[in-house]
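Please read the structure below before turning to the comments.
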Amino acid sequence: MNCLGLLHYFLCFFVFFISIYLFWNNFLASQCNSVVVHHWILDFSIPWISNFGIFFHIGVDRLSLLMVILTSFIGIIAVLCEWNRYYKNMEVFYFLFLLIIGATLGIFLSIDLFLFFCFFELLLFSNVFLIFLWGHSYIDFQYSRIDAARKFFIYSQLSGLFFLLSSLLLVWVHYTDSGIWTFNYCILKNTSFSFITECFLMFGFFLSFAIKMPLVPFHHWFSMLQMFTPSSGSIDLIGILLKTSVYGFLRFSIMLFPRAIHYFSNFFLLFGIISVIYGVFLAFSQKNMKNFISYSSISHMGVVFMALHSENIIAYQGVVLYIIAYTLSTSAFLIIIGIMHNSIKSYNISDMSNIFSSSSILFFFFLFLSLINLGLPGTGNFSGEFIMLWGVFFSSPWFGTILFFIFILSAVYCLNIINKILYEPVCSKKKFLEVSILNISILIILIGSLIFFGLYPDLLINFIYNMITCLYQPYIPFFIKYKVKY
């Protein structure tokens, strides 16, 4: 750990502390959980390219505050995972890490669409260089980290291009209607345009965020990138990158294009369920642990996508709760996989069989996290999945029923991975697992948080309900308005 690593740690801790203070001061201590008109807790704006209505405009509301808390917390976890590791050019490594965290925070704070795009692209370049310079190398693998970085760059550039073109068209439509150039989404969401134009713009935003989510058939970059990322990069990839696209749907697509979302809701539900089924079957057949995580994530993101387009407040509550829980559980899972890789220098599932015979505590953690991924009751993942399923069922009983049976199938691949790693005969490559007190402490904190959100979800659900209701109050006619009760 060098000076930049310590700076990264303290900056993430500082942002986490400030965001927790805002959360407590504004919504818990002051008991401001009653439904009010949407407002910004903090709002800062200075002119940037003022001739075209572009401002450096950032703000914090309830949705962005939750994402900032989660991002800063995952940033702390990611840097702690690299505490005792040494890479070539450590200063550059931690500088890129700082850029990734900073760009992600910028995405969640941006009110100006052009500023959002700039942070969107900064996140891309930071991740590309991180993989290109410090990605894993495999002698027996048909691709290299350069191939993974190249494919991620191409897909991400397409994602950014769709967002930029759609944003420019939206701004131009607003200009022709009002005579004012602006990229402020708070103003743009009140723009009047034809239904055809709204659908065209909505699909531009959809393609941009679907690529980064990722959904089938835009997922090819994800499994390859996951293979070559270092441990902290994997946590970064799932804990940070994936939720930016979910945030994009919640913040922009649903608010800017409610009529188009309503009209194509069944199409999007079908699109999502294809990703869920594809991810489930591919995850079951994987022989590599990183690929297993990748296709499992694709399946889970398909469920989130279905909930996002279910047009009811219940589903949106489930999305926010599940993203928080899934980020924590997958980060813990990746920490254990990193410990295993440090021991056997392989991600092959066959090489990991019975590897935890030398560490009973890791055996318990792996088993418990696998069951959480399966949907163990009493954990945050179960609460989020159940609420999303409930919301999808309200929107479409047929799709909700299909999704219920797919959840049963997803249990098969979780039990399969538990059997292969925990109960298969001991492999010849088995080595003693070196587990630090720091890693154990991180895992205890993550698992404890998941249990807390599972046993007391109402503490977060009340906040999320008020947040969602305030955010989408003008669009309630398009949605089914229910509140989750426990």
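Quick reminder: no glycine exception, Cβ is built from N, Cα and C everywhere.
Per TrEMBL, domain 'NADH:quinone oxidoreductase/Mrp antiporter transmembrane' is recorded for 111-405.
Annotation comment: TrEMBL describes 6-24 (among others) as transmembrane segment.
The transmembrane segment feature in TrEMBL is assigned to 64-81 (among others).
Distant neighbours of the transmembrane segment (93-116): 2, 4-5, 7-8, 11-12, 15, 43, 45, 48-49, 54-60, 64, 67-68, 71-72, 75, 78-79, 87, 122-123, 126-127, 129-130, 133-134, 163, 167, 170-171, 183-186, 188, 232, 236, 240-241, 244, 247, 252; these residues of the same chain sit at least 6 beyond its ends, with a Cβ under 8 Å from one of its Cβ atoms. Under the heading transmembrane segment, TrEMBL lists 93-116 (among others).
Look at TrEMBL and you will find 122-141 (among others) tagged as transmembrane segment.
Listed by sequence, the residues of this chain that lie at least six past the ends of the transmembrane segment (153-175) yet keep a Cβ under 8 A from its Cβ atoms are 53, 113-114, 116-117, 120-121, 124, 127-128, 181-183, 187-188, 191, 193, 197, 200-201, 204-205, 207-209, 211-212, 214, 218, 220-221, 256. According to TrEMBL, the transmembrane segment annotation covers 153-175 (among others).
The annotation transmembrane segment is assigned in TrEMBL to 195-216 (among others).
Beyond its flanks by at least six residues, the transmembrane segment (292-308) meets 210, 213-216, 219, 222-223, 226-227, 234, 238, 242, 246, 249-250, 254, 268-269, 271-280, 282-283, 286, 315-316, 318-319, 322-323, 326, 330, 333-334, 337, 349, 373, 385, 388-389, 391-392, 399, 403, 410, 413, 417 of its own chain at Cβ-Cβ distances under 8 Å. Residues annotated as transmembrane segment in TrEMBL: 292-308 (among others).
Residues or ranges marked as transmembrane segment in TrEMBL: 314-340 (among others). Note on the transmembrane segment (314-340): residues 63, 66, 70, 74, 77-78, 81, 231, 234-235, 238-239, 243, 246, 250, 289-290, 293, 297, 300, 303-304, 307-308, 347, 352, 355, 362, 365-366, 369-370, 372-373, 379-381, 383-392, 394-395, 433-435, 439, 442-443, 446-447, 449-450, 453-454, 457, 460-461, 464-465, 467-468, 472, 480, 482-484 of its chain, located 6 or more positions outside it, place their CB under 8 angstroms from a CB of the stretch.
The transmembrane segment annotation in TrEMBL covers 352-375 (among others).
Under the heading transmembrane segment, TrEMBL lists 387-415 (among others). Only residues 6 or more beyond the boundaries of the transmembrane segment (387-415), in the same chain, are considered here, and those with a CB under 8 A from a CB of the stretch are 265-266, 269-270, 273, 276-277, 280, 283-284, 292, 296, 299, 303-304, 306-307, 310-319, 321-322, 370-371, 373-375, 461, 480, 482, 484.
For the transmembrane segment (436-457), same-chain residues at least 6 beyond its ends with a Cβ under 8 Å from one of its own Cβ atoms are 77, 80-81, 83-84, 321, 324-325, 328-329, 331-332, 335-336, 339, 361, 365, 368-369, 372, 377-383, 486. Annotation comment: TrEMBL describes 436-457 (among others) as transmembrane segment.
Taken from TrEMBL, the feature transmembrane segment applies to 463-480 (among others).
Within its own chain, the transmembrane segment (64-81) is flanked in space by residues 5, 8-9, 12-13, 15-16, 19-20, 22-23, 41, 94, 97, 101, 104-105, 108-109, 231-232, 235-236, 239-240, 243, 247, 251, 320, 323-324, 327, 331, 335, 338, 438-439, 442, 446, 464, 467, which lie at least six positions past its ends and keep a Cβ under 8 Å from the stretch. Tertiary neighbourhood of the transmembrane segment (195-216): same-chain residues 155-156, 158-160, 162-163, 165-166, 169-170, 173, 222, 241-242, 244-246, 248-249, 252-253, 256-257, 259-261, 263-264, 268, 271-272, 274-275, 278-279, 298, 301-302, 304-305, selected by CB-CB distance under 8 Å and a gap of 6+ residues from either end.
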